Amino acid sequence: MGEFLATASVVTIVLSGLALVSGVFLIRSGRREAHMRAMLTATVLAVLFLVFYLSKVAIGYTKSWVGPAEWRTWYLVLLGSHTLLAAVNVPLALVALWYARKGLLAAGTLARVEQVPAAAAAFARHRAWVRWTVPVWLYVAVTGWIIYVVLERYGAVR
Ligand code: HEM
């Protein structure tokens, strides 16, 4: 069960990162509807990641570092920054989503954002927040995968 939850959590966070990157490319090419769908998919996958990850912790399945002692500090820095930023990403994503929802409700449709000042203002805030959300989210996804791979080689269940 623990091994299943560990694999499920790494698969969902990596897929979430891929959906996030496609969402960024989609908005850069002006495809707002597709951007919204990609980002909502990334959010659902990130929620699933948290569910799998916290279930793994709840059943007490953790792997400890049993690799070379001189690499242990680097591993702990990686694990610590990943865990801290995974927690920070939750409010960042919620605020980004909240401004997007506010803007969409004000405009009625994503095609009318520029015509409705309240919607334009909400999406300006959205853009300001995602400047932080996207890099933090990507860091969590990439380091989640790295930690999983490293622990396959240098980790042991205690
Ligand atoms: C947490 C999830 C989301 C993230 C991380 C995200 C990320 C981004 C990024 C990176 C940009 C481009 C910013 C720039 O070029 O400066 C953007 C713009 C935009 N996003 Fe999102 N987004 C998310 C959810 C949504 C949702 C759910 C909607 C629709 C309701 C949406 C609608 C838009 C629109 C309309 C823009 C263009 C704003 C403008 O050009 O004024 N986003 N978003």
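Using the three backbone atoms N, Cα and C, a Cβ is placed for every residue, glycine included.
Caution: TrEMBL annotation is automatic and unverified by curators.
As annotated by TrEMBL, transmembrane segment applies to 6-27 (among others). For the transmembrane segment (6-27), the residues of the chain that approach it from at least six positions outside its boundaries are 34-35, 38-39, 41-43, 45-46, 48-49, 52-53, 56, 61, 63, 134, 137-138, 140-142, 144-145, 148, judged by C-beta separation under 8 angstroms.
Positions annotated as transmembrane segment by TrEMBL: 39-61 (among others).
If you look at the transmembrane segment (73-100), the same-chain residues 6 or more away from its ends with a CB under 8 A from one of its CBs are 36, 39, 43, 46, 50, 53, 65, 67, 122-123, 125-126, 129-130, 132-133, 136-137, 139-140, 143-144, 146-147, 150, 154. TrEMBL lists 73-100 (among others) with the feature transmembrane segment.
The transmembrane segment annotation in TrEMBL covers 132-151 (among others).
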Surrounding residues of the transmembrane segment (39-61) on its own chain - C-beta under 8 Å, 6+ positions past either end:
1-3, 5-6, 8-9, 12-13, 15-17, 19-20, 23, 86, 89-90, 93, 97, 100, 137, 144, 157
